[in-house]
Amino acid sequence: MKEFFSTENHFDTLILEESDLLTTILLGVLGAKLFIWYIGFHELVYLANKPEEGDDMIEMHDVWKVYSNGVEALRGVNVSVGHGEFVYIVGPSGAGKSSFIKLMYREEKPTHGIVLINDVNVKRVRDWKIPHVRRKIGVVFQDFKLLPSMSAYENVAFAMEAIEVPKRKIKPRVEEVLELVGLNDRMHALPSQLSGGEQQRVAIARAIVNNPTFIIADEPTGNLDPENSWDIMYLLEEINNRGTTVVMATHNKEIVNTLRQRVIAIEQGVIVRDEEGGEYGYED
Amino acid sequence: MKIDTLVRHLREAYRGLRRNTWMSFAAVSAVSVTLLIFGVFLVLAFNISYMAKEVDKTVGIMVELNSDLTADQKEEVLNQIKGNKMTADATLIPKEDALREFKELLGDSGNDILAGLDSEDENPLPDTIKVIPNDIDQFEALTEDLKKYPEEQVLGVDNGGNLAKSVLDYSGLVQNIMLGFGLVLAIMAAFLISNTIKLTIIARKREIEIQRLVGASNWFIRWPFFIEGATMGMLGSISPILITIVLYWSGYNMLNPANEPITIMKLMPVTELSLYVSGTILLMGVLIGIWGSIISVRRFLKI
């Protein structure tokens with residue numbers, strides 16, 4: 001009974017617990033600060049020793065992408081893609097290809113490590129500068145992402161209007177790229193009136209209309225029949241021949257094994273293979 | 001901003017409004033109700049400050065002179081009062097003038113009642129001196145000073161009580177309640193606007209995605225939503241402006257009828273008030289609209 005009513009002991013434990021908590025928090029903060037400092041230091045050392053090649057368009061150094069649910073999509077990726085290259089990104093589903101691609105157009109930020117796009121560190125770049133980074137990148141998707149209420153012409157012009165290109169410059173340039181992708185006679189058709197292959201060609205026209213330095217294509221042939229797929233591939237090859245870098249994630253074994261280019265294979269968040277003129281290497 | 005871009009933003013904002021007609025209508029109505037409350041508040045606030053100034057200008061202490069005084073003695077009292085440091089101005093109002101004013105006040109209906117009072121001897125009104133204080137704060141002190149005159153000279157001093165002052169005090173409370181009420185409504189209106197903007201953001205999701213991808217600047221993407229919000233605020237301010245002005249105009253005509261010199265309350269002229277009130281309501285509407293847009297753009301627009 002006596003012990004039950006004595007409060008002194010309770011206080012003692014309470015004070016002890018509080019100070020423990022405080023120490024833990026302090027140590028935690030200190031640890032976090034050290035970690036941040038270490039990363040910062042690491043980056044500085046890397047940037048100071050970075051080889052002076054200058055024509056690297058995309059560079060990743062020890063890149064990790066960990067999502068908030070704990071999934072480690074990329075685990076220490078090192079890669080560099082140079083000016084005018086054509087690169088296939090291959091690997092099983094869920095291997096980290098999408099995260100890899102998203103880092104390239106700054107849809108995602110790396111959790112750790114450095115991603116340089118045209119010498120801009122995408123992790124450090126200020127929010128208002130991101131659009132300027134993206135203007136140098138054209139992105140093509142599996143599902144085309146065309147605006148259904150706009151004609152082919154309007155869809156392409158939309159990309160120029162968005163970056164406030166003067167009106168008089170829009171028409172000739174849009175017509176030029178639509179001709180390049182072979183759609184100058186279909187420019188007033190709505191996406192619903194175009195075939196899948198034609199829609200993807202509109203999407204490519206939109207991706208190149210602002211003269212990007214590289215094109216990122218996320219399974220551009222994924223929704224197309226073989227014939228249309230080949231048309232799209234010839235088009236991307238043509239664009240690459242004109243000097244634009246192309247990075248393309250794909251599951252299309254036939255294409256990779258026929259149009260031989262550099263192949264980067266990703267498995268479980270790690271680059272397992274990176275070879276010039278490589279093969280697809282999977283059975284799906 | 002380039003003209004092309006501006007035209008484009010305006011067109012987008014218009015499309016947004018048209019797309020969610022009913023939500024826009026609801027948001028605009030909420031803004032209208034809010035602004036109507038603010039409108040009434042503004043009418044009160046403007047008039048109270050106007051009246052306070054008018055009261056300051058015209059407030060006077062009436063000093064009732066003993067009718068036994070001779071003209072010279074009256075003049076002497078007047079000069080003494082004028083000599084007081086707190087006096088700004090003092091004027092002698094002879095009883096004949098007071099009677100005439102009284103008759104004017106009563107108008108035609110007073111003719112019968114006052115019929116017998118036309119002759120000089122039967123005028124029951126005293127001669128008075130109207131004293132204007134330098135400063136409204138010295139009102140009470142000056143009244144006390146004037147009360148010190150002996151009864152042979154001054155029969156009474158009347159400062160009209162504190163009617164004006166108590167009206168102003170009460171209206172302060174009413175104003176605060178209305179302001180609080182208005183603020184709550186403003187928050188609700190802003191949320192309704194933000195909800196409408198949210199619908200536009202959802203409807204334009206794909207367009208925004210493409211714009212981001214091709215490198216549209218953040219402001220290029222945001223502008224149409226701000227314009228849409230501001231437009232809703234502006235549309236919402238039209239009816240309260242009209243209602244406030246019309247109501248004030250009729251209220252003014254009722255309380256300050258034309259051709260009648262004496263009025264219960266001297267209100268702010270309609271044109272002057274309309275200008276202030278429309279300007280303020282419009283500004284408030286636009287601000288509520290932009291506020292609503294900011295809420296939505298910050299929460300739903302991923303740049």
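Heads up, the Cβ atoms here are built off N, Cα and C, so glycines get one too.
Residues or ranges marked as transmembrane segment in TrEMBL: B:21-46 (among others). Listed by sequence, the residues of this chain that lie at least six past the ends of the transmembrane segment (B:21-46) yet keep a Cβ under 8 A from its Cβ atoms are 171, 174-175, 178-179, 181-182, 185-186, 188-189, 192-193, 195-196, 199, 232-233, 235-241, 243-244, 248, 268, 273, 276-277, 280-281, 284-285, 288-289, 292.
Taken from TrEMBL, the feature domain 'FtsX extracellular' applies to B:59-150.
Marked as transmembrane segment by TrEMBL: B:177-202 (among others). Beyond its flanks by at least six residues, the transmembrane segment (B:177-202) meets 16, 19-20, 23-24, 26-27, 30-31, 33-34, 37-38, 40-41, 44, 208, 225, 228-229, 232-233, 236, 284, 288-289, 291-293, 295-297, 299-301 of its own chain at Cβ-Cβ distances under 8 Å.
Residues or ranges marked as domain 'ABC3 transporter permease C-terminal' in TrEMBL: B:181-302. DSSP places the residues of the domain 'ABC3 transporter permease C-terminal' (B:181-302) in helix, strand and coil in these numbers: 102 helix, 0 strand, 20 coil.
Taken from TrEMBL, the feature transmembrane segment covers B:223-249 (among others).
Per TrEMBL, transmembrane segment is recorded for B:275-297 (among others).
The average pLDDT computed over the domain 'ABC3 transporter permease C-terminal' (B:181-302) stands at 87.
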